[in-house]
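I have placed the structure first, in the form of structure tokens, so that the comments after it can refer back to it.
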Amino acid sequence: MSNTTITVTEFVLHCVINADQKSATISILALIYLLSLFGNLLVIAVIVMNSQLHAPMYLYIGTLAVIDLANSSVLIPKMLSVLLLDSSVVPFGACVLQMFVVFHVEEMESLLLLFMALDRYIAVVYPLRYPSVITNKTVWTGVIALNIFGIIFKSPYIFFTTELSFCHSNILPYCFCDYATMVHVACNEDPKYLMYLSAACLTTGVLPLILILFSYSRIALAALKISSVEGKRKVFSTCLTHLLVVGLFYIPLMLSYILPGAGVKLSTESYNTMVIVGNVVPPMMNPLIYSFRNKEIKSNIQRLFTKKHDTLSEKQS
């Protein structure tokens, strides 16, 4: 095979999905996107419109909804177009931008879930210190700092993609622009391109997960010391809710990174499926798990729709 480097100004995305599953995949993705849009926009609207919800935990939930909205909107419409057309041509710059944004929202979600775990840890283990330590100001400062850190931390990816040379193909067997797939398609053999990715996964993926699990284990131990049965039930219910969100986000993505590194050969379709599930399912489920199980948010949503129903009834009468 020729090793002549070709100048790449665009990539061709080719999402590897079995032909007999393509129609079902398109329908499911479209439904997930609509539910994600509706759920996350509703959560954002309810939190913005109600001043009593302008408190640290609700600000975290609202920020998570914004991240999930961005994640769904960056990924699903493009995946649908790739699947409907069998392949899709993407300019080099647009592909790098999508890759960067996907990395950014994944990293932001990972670190935000860590912040939310620490919030619950302080609330349960150090309840008297909570009002002074966790304030709206500290939440916004943390969110802004996360974004600045994320942009700086991921900037090397942009430089690496401009260094990659392609001598075989510009076809990415993937549903969206993905850095690791670009490196595998490229003919560069320098290990730095994947070493930085591994380091980033450990720093913003594995380490936050360890801290999250540590926080919830400490919360569980503190809950066991609560004398009130209702108090214990409330703490454990909150922990399980948060851990479900963490599991939905981390497990598919971590497996897609860890299994190939451990020597387990995954088919392109299996790899695609794991990463798609890890990216598109949490934005749909998070509003249901985090928000609609929250008494305050649920009552405000009911009030919002009841008010609209009463307004319509008054107009008709």
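Placement of Cβ uses the backbone N, Cα and C atoms for every residue, glycine included.
The following features are taken from TrEMBL:
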- 28-51: transmembrane segment (TRANSMEM)
- 39-290: domain 'G-protein coupled receptors family 1 profile' (DOMAIN)
- 57-76: transmembrane segment (TRANSMEM)
- 83-105: transmembrane segment (TRANSMEM)
- 111-128: transmembrane segment (TRANSMEM)
- 140-160: transmembrane segment (TRANSMEM)
- 193-214: transmembrane segment (TRANSMEM)
- 235-259: transmembrane segment (TRANSMEM)
- 271-292: transmembrane segment (TRANSMEM)
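The average per-residue pLDDT of the prediction over the domain 'G-protein coupled receptors family 1 profile' (39-290) is 84, rounded to a whole number. Between the transmembrane segment (83-105) and the transmembrane segment (57-76) there are at least 3 Cβ pairs closer than 8 Å, counting only pairs 6 or more residues apart in sequence, which means the two stretches are in contact. The listed stretches are 111-128, 140-160, 193-214, 235-259; of these, 111-128 has the most Cβ pairs under 8 Å to the transmembrane segment (57-76).
Remark: the transmembrane segment (111-128) makes no contact with the transmembrane segment (28-51), by the rule of 3 or more CB pairs under 8 A.
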